[in-house]
Amino acid sequence: MNTPAYIGRFAPTPSGYLHFGSLVAALASYLDARAVNGRWLLRMEDLDPPREVAGAQAAILRTLECYGLEWDGELVRQSTRHGEYAALVERLLSQGLAYACTCSRKQLAGSQGIYPGTCRNAGHGFADAAIRLRVPELNYHFVDRVQGDYRQHLGREGGDFVIRRRDGLYAYQLAVVLDDAWQGVTDVVRGADLLDSTPRQLYLQELLGLPQPRYLHVPLITQPDGHKLGKSYRSPPLPADQATVLLMRALRALGQSLPEGADYGTPSELLHWASQHWDASRIARSLTLAEAQLL
Ligand code: GLU
Ligand code: ZN
């Protein structure tokens, strides 16, 4: 079988609607794939029903469609893959690579997000406990196509991390690594808020013997007050009737050139033009970008 040289994906979480920042990330991922005739997949990361906003999944699909961001193949929902995640967690537990953690939020409050390893050798039962993956006391390093060198010491900068929450829900880090490999993703293009998740994902890939995709993290779009457009910020859905204008603004955010003249045509026509002129090296090497500068 001929495996395509490039498989990209967009992987939204339906905890809100797509906002301008997610449009920038989706567009970068789409154009990076289309510029080399690659495939572009869509995966709904609906792992956390309590945080899901009613109607967000349908709204995300509608927005992608009316912005001309057509994906290849069937949409994959992570909510249909619990069996695979469960099997992996079982395997990691049985190999002693993961363990049960019963620490309360309160117990962890003083450790500034770095898990102190309290339950590492406690031998807790797996019921009513979070499951954490042991991390090595090592630096993980990769070269991001835009942000350049990035390294993180897994032990010192994060510690053993949760792969299944105490409420039984699977963690993003586990699902994203398994699914990117399962879908054959060669190139991950996403927002810079996930840059510091990448070393944990590299470790999981190494542990599971999975190939490492290339990474490109695009700047996060911030509001005038410095607020990042994101999950915690309730943004309204992107307006359907302004697709071309907002795609132009997103192209500008990515440092791309724009077609000459005033008639940019339909979103699909603009995207086609943009994919032929895509130059990822023009994306700003910056973790954030103020939306106000793009108006
Ligand atoms: N679902 C994640 C988010 O919406 C993105 C995951 C990824 O691209 O790796 O932030
Ligand atoms: Zn613990």
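Counting begins at 1 with the first residue displayed.
Each residue, glycine too, has its Cβ placed from N, Cα and C.
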Annotated stretch (motif ''KMSKS' region', per TrEMBL) among the listed ranges 183-187, 228-232, 263-267: 228-232
Which range of 12-22, 45-55, 111-121 is motif ''HIGH' region', per TrEMBL: 12-22
Residue from Arg62, Arg151, Arg190 that TrEMBL also lists as binding L-glutamate with Arg9, Phe10, Ala11, Pro12, Thr13, Glu45, Tyr172: Arg190
C-beta crowding around Cys101 (Zn(2+) binding site), within 10 angstroms: 21
Sequence-ordered binding-site residues from Ala11, Cys101, Cys119 with Cβ under 6 Å of an atom of ligand 2: Cys101, Cys119
Per-residue Cβ crowding (10 Å cut-off), top of binding-site residues Phe10, Tyr115, Tyr172: Phe10
Neighbourhood of Cys103 (Zn(2+) binding site) by C-beta distance under 8 A, where only residues 6 or more apart in the same chain count: Tyr115, Thr118, Cys119, Ala130
Per-residue Cβ crowding (10 Å cut-off), top of binding-site residues Arg9, Arg190: Arg9
Arithmetic mean of per-residue pLDDT over the motif ''KMSKS' region' (228-232): 53
